[in-house]
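Accompanying notes for the structure given below.
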């Protein structure tokens, strides 16, 4: 056979592979993992993931350099912003009780390629985040012993002056990661109890800090003589918000653990709400007492809380604060090591990552290979690399995941609920619609009109007034509105973040662009709101859709645009590496290949997107109708 350029049909099939969707399996509770986590377990996992080193480092940094005493407003605004994303995670975690978090949510709504890239970025987020926390843990413990550990290591290993490498190897940070990985590998129950212990100690110490801090408070520190409550003005508060936002990124560990929850439909939304509320209260109250104890301009950014107690003559309290910071960082490290192998496990089970990570230990029922490999890799990063320059890189992956999850909520809300599949073989004459890509998925309803309005159809009460929307093909108005919503959100965020000077526009052009993007954003919201949504009776759903996820998209994109160009460059390089892995391995080993047999028969049908009211239907032979003998257990499915 002569090899030539690929045909149009081959390119179409290839593009369909990139956009194919993982089928929704909302009702199943079967899993290889052990369902042993209660609502309290999930709540403390979330608290441990959010209340960590940020409480002891971030508060002092933002107060001194960005917002002053108004840092409490920065944390409040950041908490509200995080709540929008947290609600999206809560709905998905309750609806899809499977491990995978943002990766899984994107897979069932946006497509395979996007899901892999989100999962790929989440892997890096947990790797670098856990390694950075371990180095901070090592630094705090070293400071409690007057830097003896640091001096001993430098005396015996010397110092390095190599780009991207640390000045000296941090054996203590690497050791704590390996120790934590050992506990995680003992099972979800053991790691949960360990997280309980550290979280309770951390919360008790936070209450101690708040009470003693209010006793030592001096309202004069907020007076005009010390610079006032908001010395940097509104811009300083918003700049602090962009930094404080990352203090709340740990709630996704709850969604990642939903497959091990006993009752995920109730436990996941409750745990996310309570943990985020506790974390927000802790950050706001601690930042309040910190700026009331000592003047904001004299804070030590590296150890603000401990230094504040030392300066007020309570050295014993400063030592307790340092010990509490170590407990808090232990919980963050445990959360990272708990979530990371489960994301890898979810990708491996779907065939997008190497199959060795899909194996579950028969006794502990945890993905042991992922814990060992990625725990060792995280330990290596903490040992050798200079992670300070890479920490900001974490935020872009997190914000991108939040954006895709919010978009996925909009997609699924206007999607027709899939019919329950029967276990028996399909009848020869039946037609079963399969939706394999995002464009198929967004064509939500058929041409026939049901007696009751279905998701994606125009609301009956609005048909006399918005009849022109009914002239579009089924789902087309929703698809266009969703696309315009995302595009206008990006444009509006660029206008608000960069301003007229950075965009090199005249003032009238800047105002015109601002008005056009705002009007497009609002009109797309109105069009989406005019269509029927899914309403599930026994599952948590976000209120005020499409407004809530739309605001989440706008705020997340705005925060992404505030990152430096160097962060975007590193992010692009990491994406290219991920694309290499996907096209080299994932696309050929995806489990969705087994759902798409290439033979064509007249017994099953696949719906392809069409621009007209008529659906283009092509028959394919389902795997259940192949008249050949069942494969033996040793046989493997062939790659496409």
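Glycine is treated like the rest: Cβ placed from N, Cα and C.
Curation does not apply to TrEMBL; its annotations are automatic.
Sequence annotations record features per position, and here TrEMBL assigns transmembrane segment to 39-58 (among others).
If you look up TrEMBL, you'll see 70-90 (among others) marked as transmembrane segment. With a threshold of 8 Å between CB atoms, the same-chain residues lying at least 6 positions outside the transmembrane segment (70-90) that come near it are 59, 62-63, 101-102, 105, 229-232, 236-238, 240-241, 243-245, 247-249, 251-252, 254-255, 268-269, 272-273, 276, 279-280, 283-284, 287-288, 291, 296, 402, 405-406, 408-409, 540, 542-543, 548-549, 551-552, 555-556, 559.
Away from its own ends, the transmembrane segment (171-190) comes close to residues 33-34, 36-37, 130-131, 134-135, 137-138, 141-142, 149, 153, 257, 260, 330, 333-334, 337-338, 341, 361, 364-366, 368, 371-372, 375-376, 378-380, 382-383 of its chain (Cβ-Cβ under 8 Å, at least six residues beyond either end). Per TrEMBL, transmembrane segment is recorded for 171-190 (among others).
Feature annotation from TrEMBL assigns transmembrane segment to 197-217 (among others). Tertiary proximity for the transmembrane segment (197-217) is limited to same-chain residues at least six positions away from its ends with a CB under 8 Å from its CB atoms, namely 44, 47-48, 51, 55, 278, 282, 285-286, 288-290, 292-293, 305, 308-309, 312, 314, 317, 320-321, 323-324, 327-328, 330-331, 334.
TrEMBL lists 229-255 (among others) with the feature transmembrane segment. Panel annotation: around the transmembrane segment (229-255), residues 42-43, 45-46, 48-50, 52, 54-55, 58, 61-62, 66-71, 73-75, 77-79, 81-82, 86, 89-90, 92-93, 101-102, 222, 268, 271-272, 275-276, 279-280, 283, 296-297, 332, 335, 338-339, 394-395, 398, 401, 559, 562 of the same chain, lying at least six beyond its termini, place a Cβ under 8 Å from a Cβ of the stretch.
As annotated by TrEMBL, transmembrane segment applies to 316-345 (among others). Long-range contacts of the transmembrane segment (316-345) within the same chain: residues 45, 47-49, 51-53, 55-56, 99-101, 103, 119, 122-123, 126-127, 129-130, 133-134, 136-137, 140-141, 143-144, 176-177, 180-181, 183-184, 188, 191, 194-195, 198-199, 201-202, 205-206, 208-209, 212, 250, 252-253, 256-257, 259, 303, 305-310, 353, 357-358, 360, 366-367, 369-371, 374-375, 378, each at least 6 residues beyond the stretch ends and with a Cβ under 8 Å from a Cβ of the stretch.
The transmembrane segment annotation in TrEMBL covers 366-385 (among others).
As annotated by TrEMBL, transmembrane segment applies to 391-412 (among others).
The annotation transmembrane segment is assigned in TrEMBL to 477-499 (among others). With a cut-off of 8 Å between Cβ atoms, the residues of this chain six or more beyond the transmembrane segment (477-499) that come close are 407, 410-411, 414, 439, 442-444, 456, 458, 469, 510, 513-514, 517-518, 520-521, 523-525, 527-528, 531, 546, 550, 553-554, 557-558, 561-562.
Within its own chain, the transmembrane segment (505-528) has Cβ neighbours under 8 Å at 410, 414, 469, 477-478, 480-482, 484-485, 487-489, 491-492, 495-496, 499, 546-547, 550, 554, counting only residues six or more beyond its boundaries. Feature annotation from TrEMBL assigns transmembrane segment to 505-528 (among others).
Among the features that TrEMBL reports, transmembrane segment is placed at 540-561 (among others).
What TrEMBL records for 540-590 is domain 'Cationic amino acid transporter C-terminal'. Across the domain 'Cationic amino acid transporter C-terminal' (540-590), the model assigns an average pLDDT of 90.
The annotation transmembrane segment is assigned in TrEMBL to 567-588 (among others).
If you look up TrEMBL, you'll see 616-640 marked as region 'Disordered'.
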